[in-house]
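Scroll down for the structure; my scribbles are underneath it.
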Amino acid sequence: MLKDTIKSGDWKGEKHVPVIEYEKEGDLVKVEVSVGKEIPHPNTPEHHIAWIELYFHPEDGQFPILVGRVAFTSHDDPLTEPRAVFFFKTKKKGKLYALSYCNIHGLWENEVQLE
């Protein structure tokens, strides 16, 4: 199962866990997802974050909705930084889920409650 391959942890001590930060003004939601906030992640052709995805699962929804995906196709300093900003509109509460993919260490996840 895919769920058995996705790793998680505390982003303050694990450089692969995506950090989710959001601001909500009315029904407009701005979400920033980054990898390596406390402990920088390498960005070389040999070891890098390939992509980040953000999902929103409304409290009354059956399935999460893919808000967006950002692929990082350039690797080496100073070309890319594993950080993405997403905007969407909702009046609903729910969960924000982020996935990131490290080419060596696989899939990583995090989640926060959207109020």
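Glycine residues also receive a Cβ, built from the backbone N, Cα and C atoms like all the rest.
Features as listed in Swiss-Prot:
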{"type": "BINDING", "residues": "E14, H16, H41, H47, C102, H105", "note": "Fe cation binding site"}
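Projection of Swiss-Prot feature records onto the structure.
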| residue | record | CB count, 10 Å |
| --- | --- | --- |
| E14 | Fe cation binding site | 17 |
| H16 | Fe cation binding site | 24 |
| H41 | Fe cation binding site | 18 |
| H47 | Fe cation binding site | 13 |
| C102 | Fe cation binding site | 20 |
| H105 | Fe cation binding site | 15 |
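Within 8 Å of the Cβ centroid of the Fe cation site, not counting the listed residues E14, H16, H41, H47, C102, H105, the chain contributes K15, V35, G36, P42, I49, S100, I104, W108.
For the recorded site, H105 (Fe cation binding site), the DSSP three-state label reads coil.
In the three-state DSSP scheme, H16 (Fe cation binding site) falls into the coil class.
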